[in-house]
Amino acid sequence: MQLTSDFHILSKGKCHPCPSLKSLSSRIGGMLCNYGSSSKYKKLDSKLERKMIEMKGSASGQSNFKSIDSIILRFPQFREGLRNLRGVFKQYDEDSNGTIDREELNRCLEKLQLHFTKEEVEDLFHSCDIDGSEGIQFNEFIVLLCLIYLLMKPSSSPDNTLKMHSLQLEATFDTIVEAFLFLDKNGDGKLNKKDVMKALNEASPWERSPARVTRTRFKEMDWDKNGKVCFREFLFAFINWVGIESDEELPDSGT
């Protein structure tokens, strides 16, 4: 497998471009602005930012990723790890309408033995329901579970951590977090354009990525156009880069 600087993957003799998020990021960015993203998601994003700073500090500079290419090479493993959530999603989508509403989400959290206040559930729901459909779709469900897993991941008390009942899924979430931490060069819990540019050029400084590539990659993450990318924004973009949303290979177990 070979890679190009524009997030194209050359596999088995064929070049597969990673899905472009130009229209998606533009559409979602507009939604976030309309819903007052600066205040609506501030509480949750602040928690995530503090968590990332804490995890960056505990990592002590150690990472399995040495370049952006080393992250892209993991895309097939990410896709395989996340696709297993399709069955979990269908289990909690009780009316099989393709979304999980508030009542279904509450029952899902109860079955997972997760205890949140009503306000916390609302924060999670709204932060992941990025299209404002009042229902959590599959890609949003992945983000929601990852955020819960991350926020409940303790620093020193593993007995309280969320058990996903899948070592593969837990490892996938941990590796996605590690990818974010690799990009967060200054360790402030969020990404900026300088971080992304440094990561893109880190492996081969003599073969610098075109400026347009850096701008495009950053715009795909910076939906609210504030010049900073929180983990939640990164996670939505990352799932689309991996291609989980366009995965059509999964059979419908209900037919």
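Every residue, even glycine, has its Cβ placed from backbone N, Cα and C.
What TrEMBL says about a protein is an automatic prediction, not a curated fact.
Note that the structure is a prediction, hence the values are computed from the model and not measured.
TrEMBL lists 80-115, 116-151, 171-206, 209-244 with the feature domain 'EF-hand'.
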Tally of DSSP helical, extended and coil residues in the domain 'EF-hand' (116-151): 25 helix, 1 strand, 10 coil
Long-range neighbours of the domain 'EF-hand' (171-206), counting only residues six or more past its ends (CB under 8 A): 5, 48-53, 55-57, 59, 63-71, 74, 77-78, 81-82, 145-146, 149-150, 164, 213-215, 217-218, 221, 227-231, 234-235, 238
Three-state composition of the domain 'EF-hand' (209-244), taking helix and strand from DSSP: 24 helix, 1 strand, 11 coil
Counts by DSSP class (helix H/G/I, strand E/B, coil) across the domain 'EF-hand' (171-206): 23 helix, 1 strand, 12 coil
